[in-house]
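Only one structure is covered here, and it is reproduced in the block below.
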Amino acid sequence: MGFPRGDVLSILDYSRENLEYLFLVADQMEKYLSEKKKLHLLDGYIVALAFLEPSTRTMYSFQSATYRLGGKTLVFTSETATSLAKGENFADTIRMLDSYSDLIVIRSKYEGTARYAAELAENPVINGGDGRHEHPTQAMIDLYTMYKIFGGIDGLTIGILGDLKYARTITSFLYGLTRFKPRKVYLISPGILRLREEVRNKIAELGLSFEETTSLQDVIDELDVLYVTRIQKERYPDPIEYERVKNLYRISIDTLRNVKKEFRILHPLPKIDEIDYRVDETPYAAYFYQAKLGVPLRMALLSLVLGVWRG
């Protein structure tokens, strides 16, 4: 058991044993945080946060994780804030960031950006989200949340609701689930937002049992977990298509009337109108706890990727 050093580009690069080891280290980080223990694992390290697409939770949780470990950050929050706006090519920007830091976390609206950056950089690169492709560290948090709430992932019945076509969080979440043995996975969306064929084929190839449906109410009473995503407005090339689908699903108090007692809702956030604000106050809402776990999980990830963890 252990966790490989180096780039974090796809959750498919990790085994179940790798992920479970990451969760154990995250548990230890969570304990340190609760004890207000000052850590020095990243003393002398600089983490570059190259966020060329808007972010709140991912960027700030990586920044907080770095600070909590004793490191420092360089933050680039948009293309306009760097020499990219002056015409500098992307490769030169990555080489510059690589020379200034010990690790790069990168987010971009373009698929494949993180992998290309990793080919250029000598230091590790972490994919903070690349277009509709993947968001591996969010999936690690999602899996860790279920691990914390249920004591494991095997045997759970999981529903995934919303924009299955464009949401990179769903792609990585499904890829992560292939490393475990959930009882069943329901993919819940209208045909226009159906999971992309290449993702569907990949999870089938990896042995994940799933069923597609358009009706949440037909399956919600079976679920242990409902993973909800917003409609990805920024990924829609056609605004008319977005207008057609933006309000197709909404979780209300009434939606939850027959759910299991232990049922929980996850959401990678931000949520817009897809969950009624009154649901936030119910015991079913686990998404704020999920967001809170982002810091200890990313603390664990940084310490393992950089090889400074000595647990």
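Keep in mind that glycine also has a Cβ here, set from the backbone N, Cα and C atoms.
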Among Arg95, Arg107, Arg115, Arg310, Swiss-Prot assigns to the carbamoyl phosphate site of Arg57, Thr58, His135, Gln138, Leu269, Pro270 just Arg107
Nearest to Arg168 (L-aspartate binding site) by C-alpha distance, among the binding-site residues Thr58, Arg107, His135, Gln138, is His135
Between the C-alpha atoms of Thr58 (carbamoyl phosphate binding site) and Arg230 (L-aspartate binding site), the distance in angstrom, to the nearest integer, is 16
With the fewest other Cβ atoms within 10 Å, the residue among the binding-site residues Arg57, His135, Arg168, Arg230 is Arg57
Per DSSP (helix/strand/coil reduction), Arg107 (carbamoyl phosphate binding site) sits in strand
